[in-house]
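J.: Questions regarding the structure given below will be posed in turn.
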Amino acid sequence: MRTIAEFEAAARERLDPAHYDYFAGGAQDEITLRENETAFQKLRLIPRVLRGSDKRDLSVTLLGTPSSMPILVAPTAFHRLAHPDGELATARAAARAGTIMIVSMAATTAIEDIAAAAREVAPDPGLWFQLYLQPDLEFTEAIVRRAEAAGVKAFVVTVDSPVLGRRERDDRNAFHDLPPGLFVENLRNIGENRSGGNTSHVREIVMSAGLNWDHIAWLRSKTKLPVLIKGLLHAEDARLAVHHGVAGIVVSNHGGRQLDTVPATIDVLPEIAAAVGGALPVLLDGGIRRGTDVVKALALGADAVGVGRPVVWGLAAGGREGVSETLEMLRADFDQALALCGGRHPADLTPDQVRR
Ligand SMILES: Cc1cc2nc3c(=O)[nH]c(=O)nc-3n(C[C@H](O)[C@H](O)[C@H](O)COP(=O)(O)O)c2cc1C
Ligand SMILES: CCCCC(=O)C(=O)O
């Protein structure tokens, strides 16, 4: 396999069409879904010359978690829909690659098992945990305690989903439940399960339109781990994130799956990076398919990027080996693009190297 697009084609051949549509699709007319990729394609790079190095160092440290490259595994739900080994395969591949995996709260494997699989491969794997804060805060706190006990190093609160986006492919396919035997495992076995034990419903996780900054303060009071927020697009929200003491932000439109017609993440990154002014790490996801996309995001102010669908395609196409190949392909592609831009380290990339 040579490109993410080839992995996607291989995944599509193997997947149930309704499951492929769930992974691939976006909200409504999928305008944002497409724009996440085309916005990168419209940007032009201006390389610097005569200042590179035979040896590049791609490593970064994000909120105390080292990563061998500034390319992380974004949280995506339901990996066992993509491959029987599910999140175990993804976690082993991410640990092998030495990169951070942000485990979805909607994983089809329990966080304890994911952490154990990662530890088989690396003694101290970089696992972060994504949270949808549930209106029942006691229930939410139980999930937080469980993830902490499993050894995660940060929490990533997704804030772009006050309600779930309308994915018309899922409506068309009537995809609303996981197949028999698959469950949202991180919501199971938490005391008496308040959701009534049926965690196989795709919409089982409660989206809370009533969340506000007080809930973020609440979470910060409940954990010593860094708390990031994921899914902001407005510079004023980035300023508020700094004001409210969050540890980091992820500029994200949820891969075009929430509010359709929001801009591509790369197009709002410069204003958000300016608003944050280096006060905290800025991550970005959405549409990263090539090393040049990574270079553009870092040059415009991101400290690292996340990849969602590319990991799912690798997983569906080849399980753990497929995810490893995907991550190594992205690493090599980024390394080459960095070299061609005259950089030795991710931090060498600067905004003047990107032109609209
Ligand atoms: C199939 C799928 C499931 C996702 N599940 C979650 C999730 O459970 N939690 C979350 O915060 N984001 C979720 N996302 C959003 C991703 O974290 C990320 O923002 C997005 O996939 C990035 O875009 P990309 O797929 O173009 O790389 C999901 C995305 C996809 C495609
Ligand atoms: C209720 C699970 C939501 C998973 C998700 O975030 C997505 O499909 O984008």
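Yeah, the Cβs are placed from backbone N, Cα and C, and that goes for glycine too.
TrEMBL lists 1-356 with the feature domain 'FMN hydroxy acid dehydrogenase'. The glyoxylate binding site annotation in TrEMBL covers Tyr22, Tyr132, Arg167, His254, Arg257. TrEMBL lists 75-77, Ser104, Gln130, Thr158, Lys230, Ser252, 285-289, 308-309 with the feature FMN binding site. According to TrEMBL, the feature active site, proton acceptor maps to His254.
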J.: Should we count any of the binding-site residues Pro75, Ala77, Gln130, Tyr132, Arg257 as near ligand 2, judged by a CB under 6 A from one of its atoms, and which?
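T.: Only Ala77, Arg257 qualify.
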J.: Is any of Ala77, Tyr132, Arg167, His254, Arg289 (binding-site residues) within Cβ reach of ligand 1, i.e. under 6 A, and which?
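T.: If the test is a Cβ under 6 Å from any atom of ligand 1, the answer is Ala77, His254.
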J.: Work out the three-state DSSP category of Tyr22 (glyoxylate binding site).
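T.: The residue in question, Tyr22 (glyoxylate binding site), is helix (DSSP, three-state).
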J.: Far apart in sequence but close in space: which same-chain residues, 6 or more away, have a Cβ under 8 Å from Gln130 (FMN binding site)?
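T.: Same-chain residues close to Gln130 (FMN binding site) (Cβ under 8 Å, separated by 6 or more) are Pro75, Ile102, Val103, Ser104, Met105, Phe155, Val156, Val157, Thr158, Lys230.
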J.: I'd like the Cβ neighbour count for Arg257 (glyoxylate binding site), meaning other Cβ atoms within 10 Å of its Cβ, all protein chains included.
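T.: For Arg257 (glyoxylate binding site), the count of other Cβ atoms within 10 Å is 24.
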J.: Look up His254 (glyoxylate binding site) in the DSSP assignment and reduce it to helix, strand or coil.
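T.: Going by the DSSP assignment, His254 (glyoxylate binding site) falls within a helical segment, counted as helix.
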J.: Let me spell it out: for each of the binding-site residues (Pro75, Gly287), count the other Cβ atoms within 10 Å of that residue's Cβ, using every protein chain shown. Which one has the most?
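T.: Within the set of binding-site residues, the most crowded position is Gly287.
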J.: Drop a 10 Å sphere on every Cβ of the binding-site residues Tyr22, Tyr132 and tell me which sphere holds the fewest other Cβ atoms.
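T.: Comparing Cβ neighbour counts within 10 Å for the binding-site residues Tyr22, Tyr132 gives Tyr132.
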J.: Looking only at Tyr22, Tyr132, Arg167, His254, Arg257, which the record lists for glyoxylate, tell me the maximum pairwise CA distance in angstrom.
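T.: Pairwise Cα check on Tyr22, Tyr132, Arg167, His254, Arg257 gives a maximum of 19 Å.
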J.: In sequence order, which residues at least six apart in the same chain have a CB under 8 Å from the CB of Arg289 (FMN binding site)?
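T.: Those within reach of Arg289 (FMN binding site), by Cβ under 8 Å and sequence separation of 6 or more, are Thr3, Ile4, Ala5, Glu37, Phe40, Pro310.
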J.: Looking at the binding-site residues Tyr22, Tyr132, Arg167, His254, which has the shortest Cα distance to Gly287 (FMN binding site)?
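T.: Closest candidate to Gly287 (FMN binding site), judged by Cα separation, is His254.
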J.: Could you state the whole-number distance in Å separating the C-alpha atoms of Tyr22 (glyoxylate binding site) and Ala77 (FMN binding site)?
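T.: Tyr22 (glyoxylate binding site) to Ala77 (FMN binding site), Cα-Cα distance: 10 Å.
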